[in-house]
Amino acid sequence: MSSNKLSNILNALKRGVSGVARNVGKNVSSAAKNVKNNIENIGNNIGNDIGNNIGLGKNKSNKTNSKDNKTYKSDKTYKSDKTSKSDKTYKKPRKSAFSKYIGVRSIFNPVWCLYGLRLSIAVLSVFGVFMVISSSSVTLISNNLSPWAQGLMQGRFCIIGFVAYIVLACMPPNFYKKKVGVIYIVAVVMQALTWMPGLRHEVNGNAGWIKIGPITLQPAEITKLALCIWLPMVLIAAAKRYKHIGFKAYWPVLSSLAVPLLLIVAGKDLGTALIVIFIAFISFFIGGFPIKGLLTITLLAALGVLLMVVTSQNRMRRIFATLYGCDAKDIRGVCFQSIHAQYAMASGGFLGVGIGNSREKWNYLPYAHNDFIFAIIGEEMGFLGASIVIALYVVIGWCLIVSAIKSRSRFISMVLVCIAAWIVGQGLVNILVVVQLLPVMGVPMPFVSAGGSSLVMCLAAAGVADALIRANLRTLISDSSVDGTFSTHAFSSIADGPNADGLNADGLNADGLNADGLNKKGLH
């Protein structure tokens, strides 16, 4: 009995020791695995921290060790590391979208172009007010009026123009896309009012004015801005339809251009008509208009201008005077303005005779404050002052063209180029007339010449350009794809243009620019 009991006790002890050994082994194995996991987690975290410090690390979240990570990241020593202040993923600082525009390449920076455009326009507009005061004071005094009258009026127009600039600059591009039809119709109706008795007003044989009480307006200035927005939009729509119906797609475009142009021509305003034709030509050229059609239309326009010239004896005499010089009988006639403009430019020298000291404004040079204000600038401020004015127009044109080329939208690009063609082209024509390289045609200098219609609408056009440029800058920044080279996206194939700039997303149908929309507007 005693031996059996002893054997049972030994067996029980053996089983107990074996069970304890198995439990200890399992615990040791589990503890070893936990230690191994903790070591691996710590190693991974340290590796991520080192990688983050050199900008190459990536945080990899693991569900199995998230608790360990939180415990480790809550440690004070870890938080004291300047490169890892929180649990957030470290991101490498992104370079500015325009950081590559350094040195000479800064002139291609769209941001600088926006500021250059604003500064140039502000300087020209304010400078124009002072030059109007200087050039008109003597004429006003001789007519028993205040020498400040014309300048104060120009200042009021300048304020109105800047208000229009600010309002239009705050509008998104889609506003102009959706309201372009309304803008066009308003311009055409205003131009048609020049033929309404009671409103029609003539200035030196030019019937392109309307007078409502004390207010005199030149609707052609509104027409210029309307066409700068209207033509790009309808050309883009016509380019899509051209694939299916051929040249018929462009008939609505041509008819919508012909209506205001014929109204201007009928008012005998050849100078304004030429500016409108130039705007239309530029828009057709960059808008993908068929080359054969463009050449045909250009030829027809040239024949129309030639017909207007040969049917006017006064225009013929001005052209011959420009080409062959002035006869003695023309010195007091068609050459009078040109000759005294040359006197003014010649007497100015390099630095000029001083602001307010012009001699030609003493009733020698007609319209010294308007069409021939550049001659007074050359006389009072000399070659230097005249060169600065020309440089400001160059800056305006450059900024608009660069912004157009960098645009991702064909619509924005075309509108900016059309506005550049209007402002810079008209300024160039005015200067060439003053220096007698072109015959006198009554075209004012944008932002500078006296006249409310021209100043207000030029500033309004600048506001539209400002809005479109800023919208394009937002797109460039969001894309983060700007480099130091030109992007010709907007001037790629016209077939790809409407799809590329998202015009389908904006909805040509919503804008009323499809075939049905044009029929509803009566333009088909």
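Including glycine, each Cβ sits where the backbone N, Cα and C put it.
Under the heading region 'Disordered', TrEMBL lists 53-90.
What TrEMBL records for 53-64 is compositional bias 'Low complexity'.
Marked as compositional bias 'Basic and acidic residues' by TrEMBL: 65-90.
Annotation comment: TrEMBL describes 112-133 (among others) as transmembrane segment.
If you look up TrEMBL, you'll see 153-170 (among others) marked as transmembrane segment.
Counting only same-chain residues 6+ beyond the ends of the transmembrane segment (182-199), those with a CB under 8 A from a CB of the stretch are 176, 207-212, 217, 219-220, 222-223, 225-227, 229-230, 256, 259-260, 263-264, 266-267, 521. Annotation source TrEMBL lists transmembrane segment at 182-199 (among others).
As annotated by TrEMBL, transmembrane segment applies to 219-237 (among others). Sequence-distant contacts of the transmembrane segment (219-237) (same chain, at least 6 residues past either end, Cβ-Cβ under 8 Å): 176-177, 180-181, 183-184, 186-188, 190-191, 193-194, 208, 210, 252-253, 256-257, 260, 264, 269, 272, 275-276, 279-280, 283-284, 287-289, 410-411, 414-415, 418-419, 422, 453-454, 456-458, 460-461, 464, 497-498, 503, 508, 511, 513-514, 518.
If you look up TrEMBL, you'll see 249-266 (among others) marked as transmembrane segment.
TrEMBL lists 272-289 (among others) with the feature transmembrane segment.
Residues or ranges marked as transmembrane segment by TrEMBL: 294-311 (among others). Beyond the ends of the transmembrane segment (294-311), by six or more residues, the same chain brings 254, 265, 270, 273-274, 277, 281, 284-285, 319 to within a C-beta distance below 8 angstroms of the stretch.
Only residues 6 or more beyond the boundaries of the transmembrane segment (381-404), in the same chain, are considered here, and those with a CB under 8 A from a CB of the stretch are 107-108, 110, 113-114, 116-117, 120-121, 123-124, 127, 345, 348-353, 355, 374, 412-414, 416-417, 419-420, 423-424, 427-428, 431, 446, 448, 465, 468-469, 472, 490. What TrEMBL lists as transmembrane segment is 381-404 (among others).
The transmembrane segment annotation in TrEMBL covers 411-435 (among others).
Within the chain carrying the transmembrane segment (447-469), a Cβ under 8 angstroms from the stretch's Cβ atoms is held by residues 110, 113-114, 117-118, 121, 124-125, 127-128, 131-132, 136, 150, 153-154, 157-158, 160-162, 164-173, 176, 216-219, 221-222, 224-225, 228-229, 369-371, 373-374, 377, 389, 400, 403, 407, 412, 415-416, 419, 422-423, 430, all 6 or more beyond its ends. Residues annotated as transmembrane segment in TrEMBL: 447-469 (among others).
Long-range contacts of the transmembrane segment (411-435) within its own chain (CB-CB distance under 8 A, at least 6 residues past either end) are made by residues 173, 176-177, 224-225, 227-229, 231-233, 235-236, 271, 274-275, 278-279, 282-283, 286-287, 341-342, 345, 371-372, 374-375, 378, 390, 393-394, 396-397, 400-401, 403-405, 441, 443-447, 449, 458, 461-462, 464-465, 468-469, 471-472, 490-491, 501, 503.
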